[in-house]
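Reading through the structure tokens given below for one structure.
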Amino acid sequence: MPFSPSLNPDRQKSNSIGPRNSADSFDLQFEDSFDAVLDNIELNTDTRNQNNTLPNNQNINKASSENKDKLQESFEMKSLNARNGGLGHSRNSSNGDRQPLMHDSASNPDGSPYKYTNVSESALNLHSNNRFSNWITKLKMVGAQKWKKFHTMGSVELDDRHMEREIHPSTTPVYDRNRYPGNEISNAKYNAFTFIPTLLYEQFKFFYNLYFLVVALSQAIPALRIGYLSSYVVPLAFVLTVTMSKEAMDDIQRRRRDNESNSELYHVLNQSKLVPSKDLKVGDLIKISKGDRLPADLVLLQSSEPSGETFIKTDQLDGETDWKLRIAPALTQNLTEPDLMNKVSITASAPEKAIHNFLGKVTYKDTSSNPLSIDNTLWANTVLASTGFCIGCVVYTGRDTRQAMNTTTATVKTGLLELEINSISKILCASVFALSIILVVFAGFHNSDWYLDVMRYLILFSTIIPVSLRVNLDLAKSVYAHQIEHDDTIPETIVRTSTIPEDLGRIEYLLSDKTGTLTQNDMQLKKIHLGTVSYTSETLDIVSDYVDALVNSSNSANPSGKSVPSTSRKDLSARVRDMVVTLAICHNVTPTFEDDELTYQAASPDEIAIVKFTESVGLSLFKRDRHSISLLHGHSGSILTYEILQVFPFNSDSKRMGIIVHDEQKDEYWFMQKGADTVMARIVENNDWLEEETGNMAREGLRTLVVGRKKLSRNIYDQFKKDYDDASLSMVNRDQQMNAVITKYLEYDLELLGLTGVEDKLQNDVKSSIELLRNAGIKIWMLTGDKVETARCVSISAKLISRGQYVHIITKLTKPEGALNQLEYLKVNKGACLLIDGESLGMFLRYYKREFFDVVICLPTVVACRCTPQQKADVALVIREFTGKRVCCIGDGGNDVSMIQCADVGVGIVGKEGKQASLAADFSITEFCHLTELLLWHGRNSYKRSAKLAQFIMHRGLVIAICQAVYSICSKFEPIGLYQGFLMVGYATCYTMAPVFSMTLDHDIEESLTKIYPELYKDLTEGKSLSYKTFFVWCALSLFQGCVIQGCSQVFSSLLEVDFTKMVAIGFTALILNELIMVALEIYTWNKIMVFTEILTFLCYVISVPFLGEYFDLKYMMTLRFYGELLFILLVSVFPVWAAKAIHRRLHPPSYAKVQEFSTV
């Protein structure tokens, strides 16, 4: 029989709204038709099986003669069977996925108001036993898979997360409770089973930790055991314990925060008691009060405000501090709670990451519908700011929420210093192997266990790679973070990533945003231009005089009610009034009263600046709700009321904002719009001044907006509203269809009213900060979304472009042909500044990435305009890849997050655009000028201290290893331990750790000198504090001191077994005192803590000596001979080192030494 399946009614409706020419639309129609055909085959097969006494053709005819309701019910049952009956697949048909499990049915035989489409066991068994049905099921699965593979190569298998969902508050939470993710929040990194394995992997992926693990495990083999097992296990266990304890505490804190969120109680309609957040289900209706956190993604259905409006705070979601207006659909605003529960259904689009996009519709009684957009949503983790309450329906939970989908696991950043130390550790390891083999070779291979001797030597020399190195560096990072956060010169600075403070001293490229970073994001309207005349802050009294006559002029200027043609030359005062009124109406600003003080809430500070300007000239925004806006005319005290018919909000794609209002006094319909000149130029009527004046304002550093309006007739507006409402109900290409209607009816031949210029002031001390950073050798790039002229003006005023510096401009370059010719000048003049727009930058990134960056990375300054957030991130990644240098990115807005996260060091500014950049950054500051303190002072100290600390710890391990090597050589190459048991543990901990770690409080120059002589920063970027040169110098020093200490100890005693404790006593004591003296020689600036650690450690050793009789000859240590020999060893060991350092410093003084000497003169 022929099959003619029909499409879902919703899709038929959307098809009737507009053409569907996309491939996606064709795919959906094909799959709907294909599934419907196969469903019909299944249906007829089931009917034939249930009525097997009838001929096949009669059964088919009987099935086809069933009424439409019964057929629909069968389809619903099959949808249930497919989901719950174990058929092994999920339906691709949108029909089955969106049909409710409960229907309003007045004709139900049992008289109940609802009909449940339950699945009988016989039906399930029938499906499972029917071969033909199973064949159809397989055919559907294979067909769907092949069709998907055919029409897209990158397709994925669809599930509930990829398909729109239909939600019925009365049934979805019950019957579909397992279909959608739970709402429990979990930010914990570990659980009881993964904690230890994960931590061990994270620790032993570092080379030196893995080395010590192998050494410690080798002590379980009796043939390899040297000394006490604790000598090797305790240091490693200490490091692991400290690290695991820190991770455990952090994870416990995360779990506590999660538990607090999951245990918050909410009022769910039709529930007798409050429900925890973690138990909320899709379809639950929740009543939210002021100050409550939204536990899941909701659709707003009702508000306690008669207008249906409510405000939410979204700073924890998008980082923006302004309140967002949300509106309940008119269809549900006045319904009772039982009607909301039983007669409303919601269709929501599939979960997605975009927090500013949402498509859906709400339906009442299956008859009338309202579209749903972002204005009707309450996303998870936002907070209700309005008084009263609101009722929302849960549409997404758990991992499907916008918050969860935009939360990514932060990558662990590894500092450059750690990578350098890891490389040096490999050299030390190779040295240990080489030394062990050499000693065995000299001993000869007559011993059959020579390979065991190699292993024993490896264990004896394991101190060369100190196990305490990593824990000392980690603790040092915590000290640096504490010092940064408690620096009074940079208040409210927060260290969010404590693993990379040393990289603050290695920055060579700084990528900065402009608005809110170099500028204050404190907008003031400085100028309005009407084509023939302009007004500035000095001439606002003239504008105020014109506005004072607004009420009288509006009643007498045009008594006929006919619109004045835009081509006629109006009176100047009328033009000014039209401009001011349009500015006072065309915005998304909402006045709010907090503690009897009027404040304005808006997504853009530009709009607030414009509203404050109209207030200053006598026309104040008095009241605004979803349906009307009221202006207070200051001179007359009159209230001007306009009915709001439609609002078209600003977004980064359209770059404009519009509104349709009805002037109730004059019964006029107006479409008003303002936006960027690049898009408004084609929308307003022809003129000869707009382009020139926007350029002039941009050169003054002003942000420009073009303002226009258009009068509409009632018929035009009605026709527009009908087409616009139809487009807004579409579930396919809704935005494109709505934009097409706006373009068709509104956006052409607007009357050009004028141009506004808003100034964004520079941040405090930006000029001096940029000059300091440039003198420090840091190359600064400014990446902004503003116009070329505005960016150039701000760059000059901020001293990013120095006086007399040539600016090479590359703009509107879209084709690769001849593009490289634009770079020829920059290859010759390395001191020039490049100014490039986003279009040209994108072309170079696509076609000539290597050639472009080979030229521009050498320039002192690059300014990129009209950049997208992704382009900012790409620039940071490419600079890191091509140069291998440390890149720092700084910004203050959500559009800077990608760039900040891609940098080696990300710095976020807490600004008027919110906290999103600050929360995503490694370091959070409040002003750009704080960056100089962060880099030049704290970066210097962190890097130099960690470099010295790492090398000194290596020196400490090398010295004792050299002593062991000398002893092994002199004892006929026998792998016998020199210092055993507690001596090995105490040497690296209680006897030397505190003085060595106190070097984290040292500094080589005073803080003021880092800003007087910023050139000192260049020494840090060259990595001179820790290099192969300095490493081998420390190795030579360790070799000398180790040979002196052990050689003299053997001379003053002997290698005989009876003198072994004497040799150990004098040698170990000399080692401890040598390290304490070496620490004192390395310190530049003493403080109380350093002195205290030196004295305390010395006393600790002296007090512990009587308890070390197992290792020392205590009688020998009580003789004057012992102290004379000890003094001799220390003089020979330390004096040449001190003398060599003093002579080298005198002949080749480092830069900071020259500065110190000069500053003291």
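Placement of Cβ uses the backbone N, Cα and C atoms for every residue, glycine included.
Remember, predicted model here, so these are calculated numbers, not experimental data.
Residues 1091-1108 are the range that TrEMBL records as transmembrane segment, among 227-244, 443-460, 1091-1108.
TrEMBL assigns the feature transmembrane segment to residues 1031-1052, out of the candidate ranges 415-436, 1031-1052.
Per TrEMBL, the range carrying the annotation transmembrane segment out of 204-224, 981-1001 is 981-1001. The Cβ of Asp513 (active site, 4-aspartylphosphate intermediate) lies under 8 Å from the Cβ of Met782, Leu783, Thr784, Lys872, Ile890, Gly891, Asp892, Gly893, Asn895, Asp896, Met899, each of which sits 6+ residues away along the same chain. Around Arg703 (ATP binding site), the same-chain residues six or more apart in sequence whose CB sits under 8 Å from its CB are Met523, Asp606, Gly757, Val758, Glu759, Asp760, Asp786, Thr790, listed in sequence order. Cβ neighbours within 10 Å of Thr515 (ATP binding site), excluding its own Cβ and spanning all shown chains: 26. Counting every protein chain shown, 22 other Cβ atoms lie within 10 Å of the Cβ of Asn895 (ATP binding site). The Cβ of Arg866 (ATP binding site) lies under 8 Å from the Cβ of Gly785, Asp786, Lys787, Val788, Asp837, Gly838, Glu839, each of these being in the same chain and 6 or more residues away along the sequence.
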